[in-house]
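Written out below as structure tokens is the structure these notes cover.
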């Protein structure tokens, strides 16, 4: 029986919120590797908020996904056939596998993984792109100093959870924001943030004020919207805003209703001498060796913890992704496409 | 006959645009210096856009001026009586003279001037706070590289004129924006910018596009409003926006009508990985020695030119200041309060 490759194709571009109709599941026989190629059976597919931008035709920081082509993204898998000298059958790898169950690679951008060092799934999580995003954004742009206050939303998520824990390692106060009591409890008790607030709480703004008695020095911006509105007035002089994402705006189809808050924003940025800097992690891979050294040690020592939200079955990818944009996940969202032989 | 000190007091706080009614001219006998003090006869009063912020009760980056007290500001004058060891009659000085014709000082923050080295008026212009603002904002935040494009508005003004000329010295393309053909001609022909555009031109947006064929790498923000709206879409990846002022918004009393452009602004900042940094020059006086060395040499060599707009008579200060906020001045705006014996 021919082995089949299941692929999620981008069927149509969403207007606003993506719907299941924007995706199409296709099946085709698995390709044979040519000379210099190898075939990867995907184990975990990573789902990340940035993928929403790739569904648009308009310019984002990543090249758009093409209509009729597989959704783009990274994943982790095992080499099942190889005609490439550098990769052998049984090797665990991380690469741009896209949303599919089998991936043919020539080795470009592929990283070999050692399951003895860390669970292979972490290569797209705490020890991968999301972890690096948190590390670079916080340390290189946010530059928290001892005793300063760092605020991050989506605090139980793949990026936010690392931001707060690294802030603590650097001696700062870590204030998390998340979308449920359960998430907040986890962020405080398991991740060790000083406090975590539920933005759905009717007293959220007042509680944030209380939680930041000395104001906010670093706001790691990954959500935008109402959270930004609550945070911004509390920013201190010389505060830094690493701008990583704005999940609240990803489905925006037009400028929201007025008033226009941009002029007042500039006024505050000036009066408080603040810095706002957008960054995209693919520009910053020069920091990968430092990151792997530090984060590898922190994770090994239990100083940085992580939580994974594993959805089983490639069929569920669109639904899980749509949920991710609404904060339905709890931890780093992965789709498990096939068995993980390394996990006990 | 007792010598009288004329002072412009802040009579009331403006709502929106300042009016002559917000100011009151008071006269009182000139004070005698006590031990450790000296009396300065003011020659030039500097008028600068930041003073608008000081007229507000609300927090600005400078302490508010007090109602019934003299308007704050710097100026240049000559010591006419001294009981201070460090300052002698006949010394020319620059300091926080405020809006008045005589100033009693204990020497705090006072700089002695050598009329043989540079005209004394430049101590509040190209060799003073406005020049330092341009120097620090452009070089430390804007960081223009050879071949990059730098855009600055109010290009014939005290700060903008220096920004473009220093950009040229650093090998960048300098694109100025100003409010009349006369100003633009001056900026191109006298100051040596590559091009200067009149923002009142109906084709301004299209002309700006043409003037920046390789996009914009540094936008020195000192005006905001329609100029910002025209400039921002042309910004390149990794562009820098030193935020020095927003004269178009200084008289704003409420957020302007919608739509709300802030979320889209964040989207662009992220996708293009741009940096916006507010700065206030009083935080950056550590750069004064470098500035005085470089700018002194550039002015002496004619590499940086400057233009002064001198209004005669302290009585005209409010009118001149109100005009400044509308761009009525042409060059660094000074009020000449008394004769300048150093000027031929």
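Glycine residues also receive a Cβ, built from the backbone N, Cα and C atoms like all the rest.
According to TrEMBL, the domain 'Enoyl reductase (ER)' annotation covers B:18-335. In the predicted model, the domain 'Enoyl reductase (ER)' (B:18-335) has a mean pLDDT of 95.
Among the features that TrEMBL reports, region 'Disordered' is placed at B:1-28. Within the chain carrying the region 'Disordered' (B:1-28), a Cβ under 8 angstroms from the stretch's Cβ atoms is held by residues 52, 55-57, 65-71, 98-102, 251-253, 314-315, 317-319, 321-322, 325, all 6 or more beyond its ends.
Per DSSP, the region 'Disordered' (B:1-28) is made up of 3 helix, 13 strand, 12 coil.
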